[in-house]
Amino acid sequence: MEVKISTFLQIAVLIVLGIHLIAAGQDTDGKEKSDEYELFTVEYCGTNCTQLENGSWTACTGKNGTCRCFHENDKKVGLCLSTEYTDFSEYPDPNSEEIKAASPLP
């Protein structure tokens, strides 16, 4: 009985989290010219970091060294996260002549 309740609660939390993420993803309407071609991603590296006695933090490993420790002000435990910013405005328009010329011919 205890396992069924725990499983039910986990599924309910995942459903609520999924709905929350979907709603948050639809927050932009695409009218903002500057945000249209920008993407900021955050991924959990699968580990946590802790503050040592000397005040330093344990190293975050994984994701080819792109993981960093993020923590709240007075907490002793943080999350190892990998962040990446991509600005697609640096790339040419997919319909430009340069892209069409570089496309393979049939």
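Backbone N, Cα and C atoms are what each Cβ position is placed from, and that goes for glycine too.
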Would you mind checking which of C49, C67 shares a disulfide with C45 in Swiss-Prot?
C67
Beyond the flanks of the signal peptide (1-24) by 6 or more, those residues with Cβ under 8 Å of it:
none
Which three-state DSSP class does C67 (disulfide bond) fall into?
strand
Neighbour count first, Cβ atoms within 10 Å, every protein chain included; then name which of C67, C69 tops the list of disulfide-bonded residues.
C67
